[in-house]
Amino acid sequence: MSNLLLALNIDHIATVRNARGTQYPDPVYAAYIAEQSGIDGITVHLREDRRHITDRDVKLLREIVQTTMNLEMAATDEMVMIACQLKPHYCCLVPERRRELTTEGGLDLIYQIDKMQNIVLKLSDAGIRVSLFIDPDIEQIDASYKIGVRCIELNTGKYAESKNKEDRILEYRRIEKSIKHALSYGLMINAGHGLNYDNVKFIAMLSQIRELNIGHAIVSRAVFCGLPKAIKDMKELLKEFRKKDDQ
């Protein structure tokens, strides 16, 4: 049985901090607590408008994170420069729109393969492992392979937000098909977006997925039971469901 890794997105800790313009709660301290609680990695999105995570946060996180740091970022010159200076373990290129509450969908790579190839090359030359956040779509996977990344993160948002069983099954089949196609290229597969304690089960049972990125659900539960307990609960679910896939 392959272990399913869990990375915690701590953007939402920073959102609470910035709502009142205080210095607390500190997402850097949250990362420390998360690692002490068994998390496998820390994910942060440094947005162009710095609405939650700040430059100060990412600099300190790079110094203190002992597992892996995954920097989500837009494909801009500014972010590439910051990433090359910071040298996180991973960078995940994501789409970014100023008015969105959270990332609304995956990258559309079809007409920007050359641009993405150049960005991936710069990041790779800096020693950073690069992934692309894409929808579960065959053409996007083909484009990812052409761009030259070794890892993709499949957007589980439509699956997670499905309003009925039929739609959820349809989206799940798309994810399954996309995983099979990505594996034919030898790509490593992560997944995330919108996953919570109720809908994560069937995604966790897909044994080809290496890591899940989950933030809002864990931080929300932590408000009531604490971050260590919220992480423990999610990790136990992932372990239980991954075992069921092997039975």
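Glycine residues also receive a Cβ, built from the backbone N, Cα and C atoms like all the rest.
The feature active site, proton acceptor is assigned by Swiss-Prot to His45, Glu72, with sequence analysis given as support. The feature active site, proton donor is assigned by Swiss-Prot to His193. Per Swiss-Prot, 3-amino-2-oxopropyl phosphate binding site is recorded for Asn9, Arg20, Gly194, Gly215, His216. The 1-deoxy-D-xylulose 5-phosphate binding site annotation in Swiss-Prot covers Asp11, His12, Arg47, His52, Thr102 and rests on sequence analysis. Feature annotation from Swiss-Prot assigns site 'Transition state stabilizer' to Glu153.
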Between Glu153 (site 'Transition state stabilizer') and His52 (1-deoxy-D-xylulose 5-phosphate binding site): CA-CA distance (Å): 22
Sequence-distant neighbours of Glu153 (site 'Transition state stabilizer') in its chain (C-beta under 8 A, six or more apart): Cys92, Ser131, Leu132, Phe133, Ile134, Ile189, Asn190, Ala191, Gly192, Asn213
Nearest-integer angstrom distance between the alpha carbons (Cα) of Gly215 (3-amino-2-oxopropyl phosphate binding site) and Glu72 (active site, proton acceptor): 13
Recorded positions near His45 (active site, proton acceptor), in sequence order, restricted to Asp11, Arg20, His193, Gly194, His216 and a 10 Å Cα cut-off: Asp11
Recorded positions listed as His12, Arg20, His193, His216, least Cβ neighbours within 10 Å: Arg20
Candidate recorded positions Asp11, His12, Glu72, pick with smallest Cα gap to His216 (3-amino-2-oxopropyl phosphate binding site): His12
All-chain count of other Cβ atoms within 10 Å of Gly215 (3-amino-2-oxopropyl phosphate binding site): 22
Entry from the recorded positions list Asp11, Glu72 having the most other CB atoms no farther than 10 A: Glu72
Cα proximity to Asp11 (1-deoxy-D-xylulose 5-phosphate binding site), best match among recorded positions Arg20, Glu72, His193, Gly194: Glu72
Same chain, 6+ residues apart, C-beta under 8 Å of the C-beta of Gly194 (3-amino-2-oxopropyl phosphate binding site), given in sequence order: Thr156, Gly157, Tyr159, Ala160, Glu161
Those recorded positions of His12, Arg20, Arg47, His193 having Cα within 10 angstroms of Glu72 (active site, proton acceptor): Arg47
Site extent for 3-amino-2-oxopropyl phosphate (largest Cα pair distance over Asn9, Arg20, Gly194, Gly215, His216, Å): 25
